[in-house]
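Each remark here refers to the structure printed beneath this line.
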Amino acid sequence: MAQTILPFGPQHPVLPEPIHLKLTVEDEIVVDALPALGYVHRGLEKLCDIRDYNQMVQIVERVCGICSKIHAMCYCQGIEEMMGVQVPDRAKVLRVVWSELHRVHSHLLWLGLFADAFGFEALFYQFWKIREKVMDINEATTGNRVIVSVNEVGGVRRDLSAEQIRWIEAELKVVEKQVRELRSTILDDYTVKKRTVGKGVLTGAQALELGAVGPTLRGSGVFQDARQLKYAAFDRIDFQPIAYPNGDSWSRCAVRYDETLQSIDLVRQALARLPEGELSTKVKGKPEGEVVTRVEQPRGELLYYLKGNGTNNLDRCRIRTPTFSNIPPLVVMLPGLELADVPVVVLSIDPCISCTER
Amino acid sequence: MPIPAKQVTKETLVAEVAQYKSAGWRFVTATCVDLNENEFDILYHFDKDLTMEHLRLTVPKTEPVPSLSGVYLAAFLVENEIQDQFGLCFDGLALNFANHLYLDDEVATTPFCKFGVVRKTAAAE
């Protein structure tokens, strides 16, 4: 049978951002996949040459439009470790609150996009409608829906009042109820399972060998989550990673669905343990030395390598985003699939090209 | 303080990394740092059960570095990125974009180099 090479992307209905896959197809079956990046690369890491280490907080927030808060938290943690800054407990807990709210809205965004990928428009609409409540919480508590800019080196810029905490808890109760109502549709529906079960299988051993992270790794049965490192206030919160064993698109979806509910619980736990105190520690001096720091983004482990030279500008700011790590596993998932399943499997890793092309 | 990293050479790098793989470590990523006009540091990061270890390779800018993609396939992407951004060449890259992962033909410089410009010499495979 003759082989045909088909371009998938960079513009494709399931891709909100541009990535290109050169698919070699034989009789509608994918036999090889080659990724191509670089359509929107911005070189943000290099800006550390001209922006000082405080200004870089705003730069790294713009690496990703969906998990900007978590980028800034990871960066700030790195600088704080390098400079020996003790962050106040209240700031640590608030960082958990906003980062888990980010995870909730990111997963709801993805659950909607995933439903859209297999043509379930009503489900797409429902998940995005629920997500709006979380965006409203972000806007009311930080002033912005996505780029929330609450982090600074030494702590956080914003506080939550007792009234806001009560309102957030009430809103999350509604969000939780509405998400639970959609469980059987997204995970048990016959047509949804036909499009996701057994599609794009990645075994646990393959996932580890190929460097998969986040729900892509945990969807292959590996219980690993950077939140187990107990950064920020995770040392005072009950947390266990969620994993499903089958390694297919359904498992990755189930991980994200369960994590949405889990993150709502983590926000509640954090709010219940919010101590009184300062929001930020005054930072003196200039960063010097090297540090590697990791946190868990909605799409997986995020790593920052920072090198300071005792001036206001860093020598190096290296960002390893989760989608960058999940591209090699994706290339291995695709061969053997029918062409019609490719969009759903590509979306199952929750590709964030904004992160990848930082 | 520099991060604790075991210093390796070009000759010992692949063997050291193969040991990490056989012991079940996950390849996290590699980081290239422009040290001065003549040298790069490449840091290789590994994870096992949320513990990280690092290898440090200091290399002249003009010399190629052995690719890890034969040991960990996942390394091909970050090695291509370093090739684009810093002009460093990798020997034995499993999938070599030959400086075209991010860059177009007309880009003559290596955009992430702080000290000087390294000419690109990698050829498409």
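Including glycine, each Cβ sits where the backbone N, Cα and C put it.
Here the structure is a predicted model, which means the values were calculated and not measured.
Annotation source TrEMBL lists Mg(2+) binding site at A:E45, A:I319. The Ni(2+) binding site feature in TrEMBL is assigned to A:C64, A:C67, A:C352. Per TrEMBL, the feature Fe cation binding site maps to A:C67, A:C355. The annotation domain 'NADH-quinone oxidoreductase subunit D' is assigned in TrEMBL to A:119-282, A:285-358.
Feature map: annotations from TrEMBL on the structure.
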residue	record	Cβ contacts under 8 Å, 6 or more apart
A:E45	Mg(2+) binding site	A:R316, A:C317, A:R318, A:I319, A:R358
A:C64	Ni(2+) binding site	A:H71, A:Q297, A:T321, A:C352, A:S354, A:C355, A:R358
A:C67	Ni(2+) binding site	A:H102, A:R103, A:S106, A:Q297, A:P298, A:R299, A:L302, A:C352, A:C355
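Residue counts for the domain 'NADH-quinone oxidoreductase subunit D' (A:285-358) by DSSP state, with H, G and I taken as helix and E and B as strand, are 26 helix, 28 strand, 20 coil. The Cβ neighbour count for A:C355 (Fe cation binding site), using a 10 Å radius over every protein chain in view, is 23. Along the domain 'NADH-quinone oxidoreductase subunit D' (A:119-282), the predicted structure has mean pLDDT 94.
Look at the Cβ of each of the binding-site residues A:I319, A:C352 and count the other Cβ atoms within 10 Å; the largest number goes with A:C352. Secondary structure at A:E45 (Mg(2+) binding site), taken from DSSP and collapsed to helix, strand or coil, is helix.
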